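Right, one structure below, let's go through it.
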Amino acid sequence: MASADTERREEEEAPAAEDEDTGAQVAPIVKLEEVAVTTGEENEDAILDLKSKLYRFDKDGNQWKERGAGTVKFLKHKETGKVRLVMRQSKTLKICANHLVLPSMSVQEHVGNDKSCVWHATDFADGELKDELFCIRFPSIENCKTFMETFQEVAESQKKKEENKDASAAAGLLEKLSVEDEKKAEKAEDKAEDPPVKSEEKDKPEGEAEKSDAEKKE
């Protein structure tokens with residue numbers, strides 16, 4: 001019995017044999033092709049990128065509801081120059097907020113919390129435009145201040161851009177009107193310089209016209 005137990009113990013303690021390399025190559029059952037993933041942010045540059053937690057105010061329940069924790073960004077379009085605020089959840093990458101920063105927008109510090117701020121926006125995160133009251137909270141006071149300052153700077157820059165656009169449009173309209181006025185004035189001058197042409201027979205009295213016909217017959 002002792003010898004049997006000893007042999008069994010030695011077998012258990014013996015190191016397992018390493019897998020032998022047979023050199024065989026096994027082809028994968030399913031071939032996965034590389035898929036290009038687009039985020040919709042390819043034509044935009046990130047102005048700001050901060051970790052935060054976003055809330056929206058539920059009017060029906062009269063309370064704040066969490067939208068998600070992740071990264072909030074200000075993205076500026078390379079061609080149009082428009083800036084939008086985008087936030088995605090860190091794990092699922094689901095969009096929590098997605099709206100343009102307009103000149104009329106303003107951000108304010110949340111009462112009683114210097115790490116949070118609030119603002120109104122017409123948001124498109126759910127695939128349709130909704131008027132939302134957002135509140136965002138940051139890990140530090142510095143990040144909150146940076147967010148608010150950047151928000152205000154973007155809104156002011158968009159306001160200046162709209163003013164310049166309106167001024168350019170007004171200047172173009174005035175220039176177009178002045179050109180049309182000049183053309184109308186030139187046409188009026190041309191008409192004034194050219195006197196009306198009358199036929200000779202209409203200018204002559206009827207007696208002179210009959211006389212000339214009789215002279216021709218003689």
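Placement of Cβ uses the backbone N, Cα and C atoms for every residue, glycine included.
The region 'Disordered' annotation in TrEMBL covers 1-26 (among others).
Under the heading compositional bias 'Basic and acidic residues', TrEMBL lists 1-11 (among others).
Here TrEMBL flags 12-22 as compositional bias 'Acidic residues'.
Across the domain 'RanBD1' (25-160), the model assigns an average pLDDT of 92. Marked as domain 'RanBD1' by TrEMBL: 25-160.
Residues or ranges marked as region 'Disordered' by TrEMBL: 158-218 (among others).
Summarising the annotation, TrEMBL assigns compositional bias 'Basic and acidic residues' to 177-218 (among others).
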(request) Report the DSSP secondary-structure composition of the domain 'RanBD1' (25-160) as helix, strand and coil residue counts. (result) 20 helix, 61 strand, 55 coil
